[in-house]
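Enquirer: Encoded as structure tokens, here's the structure I'll be asking about.
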Amino acid sequence: MKEKPAPKKIVLAYSGGLDTSVILAWLKDTYGCEVIAFCADVGQKEELTGLEEKGKNTGASKVYIQDLRLEFARDFIYPAIRGNAIYEMRYLLGTSLARPLIAKAMADVAKKEGADAFSHGATGKGNDQVRFELTFKALSPNLQIIAPWRTWDFGGRADLIEYAKKKGIPVPVTAAKPYSMDRNLMHLSFEGGILEDPYNEPKEDMFILTVSPEKAPDKPTYLELDFENGDCVAIDGKKMNPLEVMETLNDLGGKNGVGRVDIVENRLVGIKSRGVYETPGGTILHIAHRDLESITLDRDTQHKKDELSQEFARYIYNGQWYSNQMNALRAYMDYTQKYVNGTVRIKLYKGNCTVVGRKSNKSLYNAGLSTFEKEELYNQYDAEGFINLYGLPMKEWARVNQ
């Protein structure tokens, strides 16, 4: 294998936590080059004050802190909702959606700064390494990628803490967190700790975004969500941008215990992983949007879209957001949304999100056709000829083989 040239300027995905703080110093030690730290605000609610100072004190030549929350909601969460993207029928893809946005922003910084390499803190066992690196390859194919967890000699957390102390890196860590967590506008995920045994029930004090359904209000909350072209544009008549919609639904859903999911999922690298997710806003949005499609899409389009939604979700989960097949799928999904306009009435109650009404000026639902009362639009005698033709292959097979 041809040896890679030593990098001269690296853009690092930086959070200020133990891993990326050590990586920053390690990159400086190992390559003796300039390192630019990049931090994205995607709704993680972490304290970003002091992050620039900490990054520079750890050795970064520059620290970028970008607020990407609106872009995340508008250009990543909303397209996923339009495409009904749910991985393995249950996971709403919060982390999977955030990584390509962060990597894209890093690519923009690399171009601006003339960097020749990227680095990230994802481990060699997870999906995030793939999501970051496929985006780098798609948007900046000529830049190097440095993944320290796949190359350095550190064995684990204790080694990182020792290195941080040696380098004078202020990492306020004394004991391991009970869980590995990732938070953004779409969700909060939990892995590790007692969750590694898939039979263990999560402890109630683990949850942050949602109250226990048993402790949720005894009175239901009703909402009306207005959609245009498949996107939620208003809640209870109040116009909102995608960021405001997500923040509002996260708050209301969380107060009613909506959006908890406990699953064992199949990682791209072949490992089964147990994850517990809190996705209050995303859950409400998905349920409302999917229901509105039931009256605005014709049967065949709806069924085909359901098939393709599984592919769509897999591509997102596997880090292929910027691939050709994703571009084509997004175009198809967006085309189907032309008439997904209307209002959905939602009831939130003790962990449940239930659609209790829907209406649209593009509704294909015709009460005159579907009524059980006497009607004039549908001639029931026409069904006999349809059934005879539709059942002809079955009848012929039975005639020959029985």
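The backbone N, Cα and C atoms fix where each Cβ goes, and this holds for glycine too.
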Enquirer: In Swiss-Prot, the residues TYR91, SER96, ASN127, ARG131, SER180, SER189, TYR277 are said to bind L-citrulline. Which of GLU196, GLU265 is said to bind at that same site?
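Expert: When Swiss-Prot describes the L-citrulline site, the candidate it includes is GLU265.
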Enquirer: Which residue, out of the binding-site residues SER96, ASN127, shows the minimum number of other Cβ atoms inside 10 Å of its Cβ in this structure?
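Expert: Counting other Cβ atoms within 10 Å of each of the binding-site residues SER96, ASN127 gives the minimum at ASN127.
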Enquirer: Roughly how many Å separate the Cα of ASP128 (L-aspartate binding site) from that of SER189 (L-citrulline binding site), to the nearest whole number?
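Expert: Here the two Cα atoms are 14 Å apart.
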Enquirer: For each of TYR91, TYR277, count the other CB atoms within 10 A of its CB; which of these binding-site residues has the top count?
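Expert: Top count of Cβ atoms within 10 Å goes to TYR277.
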Enquirer: Mind checking which of ASP19, GLU265 has the fewest other CB atoms within 10 A of its CB? They're the binding-site residues.
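Expert: Relative to the other binding-site residues in ASP19, GLU265, GLU265 has the fewest Cβ atoms within 10 Å.
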